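Engineer: Here it is, the structure, as structure tokens.
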Amino acid sequence: MSITNGTSRSVSAMGHPAVERYTPGHIVCVGTHKVEVVNYLAEGGFAQIYVVKFLEYLNEFDNTASVPLKIGDVACLKRVLVQDENGLNEMRNEVEVMKKLKGAPNIVQYFDSNASRRRDGVQGFEVLLLMELCPNKSLLDYMNQRLSTKLTEAEIVKIMYDVALSISQMHYLPVSLIHRDIKIENVLVDAKNNFKLADFGSTSTCFPIVTTHQDIALLTQNIYVHTTPQYRSPEMIDLYRCLPINEKSDIWALGVFLYKLLFFTTPFEMTGQFAILHSKYEFPVNKYSSKLINLIIIMLAENPNLRPNIYQVLYHLCEILNVEVPIEDKYAEGAYNFSKYTQFQNKLQNVQLQMYQLQQKKIMQNNKLSDSEENLLNDMFLSSFEISSKLPMNASDGHAAVSRIPSQNVGQELEEEKESQSDQRKSTLSEDKSSRTTSNANSSGTANNPQEINTIQSPGIEDKSIFENKTPGELYYPSVSELDTYLDKELVKQSSDPTISEQSPRLNTQSLPQRQKSTSSYSSGGRSMKSTSYGAATIGSDEALANEKTAGINKMKQHKSNNPFPKMNVAYHSTNELSNDASNFFLEEQQQGQRYQQAQNQTGTQGNTFPDESQYQSRVEQQQQQQDQPKGPANYSQRNFYTGRDRSNKPMQLGGTIAGDSGNRRVNFQNISQNYATNSQSGYLPSQNSPAIPMVRPVISMNQQQAQQIQAQQLQAQQMQAKQQMQAKQQMQVQQQLQVQQQMQIQNANNNGTYVSDRTNHTTEDMRNAQGGEPPILAGNSANEPMHSSSKNEALLIELSPLKEDAGKQSFQDTNEPQTGGIEDAGGSGTIKGSNNNRNGVLNLSLNEMDLSRDDTGAAVSSFSSSSSSASIQQAKLSGRKGSSKRNNYSTDELGDSMVSSESIDIDLDDARRGKTAERRPLHNERGHKDQARSSDASKSNQFKSKDFSSVSTRQPRQSLDLNFQEVNLSSPTLTQEHRNKNDSPAPNSHHSYRVSPHASTAITENKRHSTGHELSTRSNGKHETHRTGSKQRHDLERYRHSKDKDSNSSITISTSTPSEMRKSFARARQSLDLERVRREAMASSASSSGGSNGKRRSFFSVFRSEK
């Protein structure tokens, strides 16, 4: 074909490639007709319309038209480009329909057609259709010319008559055809101003009742493609009504057509498909005759059985025109009986009014009605059963249909029916067809007969159907049991990411809305129905009713979809997906919390045994990771922890108040490490605004890994302490001390030989005990553990709180707080004393002088238990020292008697070697005065002697301790308080050597006080407190200088020596920058002090006091 203008236009709005137009004068052969293009007329989505002039027949013998074209006649050429065989078949269908309607009145006439493959190298076909030309364009153009004046009633009747007559030609065929796309745009106006029906591309035969989901899906897609939304009938929109799509659908479209002729808009323009389903519309104020209005009313009846047939429509129009009906009554029903419709409508409206009144009464009476009124209400639902019965599934088709296409649940159906009820109540003033009463009648049965609903089962649904026919994008919602199994596995992993099962743990598959898909931008059928979720009880509400239309039918009706075009919404997903990230996240947290509680309850019943070392190691690693970052000690903001039950954002309290404070028990802190790890992963970081302990990053602290491990050990130690007996506690303390000594021996190879082995044995035993959940609980710990005031409280908390993995961290947290009164007020001082007495047997001299006995012993036990759970013995030793210091805080009366103080001193020396000694030794500033009196009681120290300590004494751990303690001038229990004051003052002063904020220093002093070795306390504090000194020497200097200069930093009263002694100690501190020198002096003094005159031991600090 020659192209002269060179212009090209897009063939369709769907993005098809541009196609060149025919130019005027172009010759085209259509079948046996040769035509010449006169001009381009219009273009549609797939077609181009030309005005052509008939030239000649290519074959006279092929001319079979009843009214043949004459040469020179003008015709219309429709050029359609189709992409595939499907498009070609549709065009073939249109041609066939037009051939059948050739010669019929008010139908656009067909002349000829031709189909061929495209010649421009593009895949597809070109279809040419030659037909009658209507020069006055379409009815839409005709109406657009009358926008201001509107159409007169005569014009409307004329148009309706012509269109109804054309439709009758289709309905009266031997096999009735339905146009399915009757609308203003498809009516053309010929040269004589007659109105003719065109565009038969959507025409089809009547559709049988479809009952299977697959058939419904296919028909839904077909309807969507070939019909116009505003003209669709209710049975087209809701195929689950199982109503036939036949000539009555054309009658509905014709009623919308008439409404638009009157009011230039469709009745459902502003309301949508649900208004169509219930035929809810209104008439604007108008001056049209009631005959036209009534005709609209009966044609727009929701019940297709109440709509007139085409003969009755024509009869009514002819009655208005006062002409004879041009067709005979094929249906033999005569004229439409308006009285019948009025009677039906009045009855329906009366029932609706009564139902409305009963519903209002029910609401006023708190949803209660008498039995008679309830039965009446149900009967009214039945009596308002307006639409033809919803046919259940065929027995043969139902099983297969259900197995491959699920239905929605009854709950959704009931909600729909309630909506229809409200629509019915509101429809008493409308003249349109009765509202959808089938669902109303059914709702009465389903709502009031739940047993029937439960007994009716879907014939084809099996459990496996839930998993079948799931498309890749389909979501699966497991059952609760599956979720439990999944959570049990995930609990070990402690994954912080909510899974799908966790997002919707309580959802049944039947409660999920039907998922909708689309195979194309305009398709709504196909296999999408297979992807919908299965309902456990897919029951048609009609089956629950004893309605005569459904009685005796054992098949099941799947509930209809609210969305008549389920395949359109590609991105449509379950409504549950939006709320999963938030609510299910907390479901997950709650479930995990419950499992933690269960695990704790189990541990509590089993004697509060601790997890295996491997598990504990993993937890310690988590704690270490947490502790690598600066953070508040352990009293994090409670809102950061989900699993805790008794958490409060209160600052750490003194031991005296904490002892009985169950509200501040360590419920939350036991699980801090894990919680913090998971919270940090999920974006929740613990608050660093710890109320009592300022967070400081240690500049010069022990190895962070060790410190972290020590903290973790402390946390666990306290936890284990809550469950053990005093004897076991004492043993644990002794073992911790041994561990401390062993560490010092490892560091100081000179003295460590036998002592290390002894300590190693004890540490292993302690670790076993700790794993067995036997580490003793010292009442003194209550002072340090505001969250665990007593073992009783701990037992309760175990049930309520998550697993107690952070006992070490608890003690650490507690020690950070100032506890001036806590030492004396600690509830468990008596028990601590007993333990301390045992230690005094071994370390009477050192402990009495240092006043660390009780605190150190308690901390030693706790830290030892924590260390026992950890893999490293050194960590255990360090933790033992720290833990002992904690316990010493609880009862300062017995400080002088415990080995812990000596051990703590050893630890301090080790730390000094590391640059930490000066920092970690802060001995009890508070103890200074209190401990003097307490230490003065040698009898107390003797009381503290125990079996365990006696065994320790045989080992003579003194040698390792002597290095550190002899300089402290630790004396026998009979030492004068003056010596004690001296010893105590430097220790707390050294404790203050940390240049930390007043609160931090206070916490540090207490921590050091609590920890015998002071290392543990300093380490734990070191995590949270910054040592501002820049070097080891600097630490030593600052320790001793600030121990005296900055005693005010500590909330604990410090017993200081005379000013001259303080000056001398400062001088010594300056001279002690060389730690090696100090160590050598300590070693030298250890030998002399062990057998020194007066039977006194010389402590590390004695180096600074020697020159008085």
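Cβ coordinates are placed from backbone N, Cα and C, and glycine is handled just like the others.
According to Swiss-Prot, the feature N-acetylserine maps to SER2. Taken from Swiss-Prot, the feature domain 'Protein kinase' applies to 35-319, supported by sequence analysis. Residues or ranges marked as ATP binding site in Swiss-Prot: LEU41, ALA42, GLU43, GLY44, GLY45, PHE46, ALA47, GLN48, ILE49, LYS70. Annotated active site, proton acceptor per Swiss-Prot: ASP181, in sequence order. What Swiss-Prot lists as region 'Disordered' is 405-466, 493-534, 590-663, 765-791, 807-838, 858-1108. According to Swiss-Prot, the compositional bias 'Basic and acidic residues' annotation covers 419-435, 910-934, 1006-1048, 1071-1082. The compositional bias 'Low complexity' feature in Swiss-Prot is assigned to 436-449, 514-534, 590-629, 859-872 (among others). Look at Swiss-Prot and you will find 493-513, 781-791, 810-819, 935-976 tagged as compositional bias 'Polar residues'.
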Engineer: What three-state class does DSSP give ASP181 (active site, proton acceptor)?
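Structural biologist: It is coil.
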Engineer: I need the CA-to-CA distance for GLU43 (ATP binding site) versus the residue listed as 'active site, proton acceptor', whole Å please.
Structural biologist: 19
Engineer: Could you list the residues of the same chain, at least six apart in sequence, whose Cβ is under 8 A from the Cβ of ILE49 (ATP binding site)?
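Structural biologist: Once residues fewer than 6 apart are set aside, ILE49 (ATP binding site) is near TYR40, LEU41, ALA42, GLU43, CYS76, LEU77, LYS78, ARG79.
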Engineer: For ASP181 (active site, proton acceptor) and GLY45 (ATP binding site), what Cα-Cα distance in Å is obtained after rounding to a whole number?
Structural biologist: 16
Engineer: Express in Å, rounded to the nearest integer, the largest CA to CA distance found among the ATP-binding residues LEU41, ALA42, GLU43, GLY44, GLY45, PHE46, ALA47, GLN48, ILE49, LYS70 named in the record.
Structural biologist: 31
Engineer: Over all shown protein chains, what is the count of other CB atoms within 10 A of the CB belonging to ALA47 (ATP binding site)?
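Structural biologist: Looking across every protein chain shown, the total is 18.
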Engineer: Out of GLU43, ASP181, which of the recorded positions is least crowded by other Cβ atoms within 10 Å?
Structural biologist: GLU43
Engineer: At 10 angstroms around each C-beta, which of the binding-site residues LEU41, GLY45 has the fewest other C-beta atoms nearby?
Structural biologist: GLY45
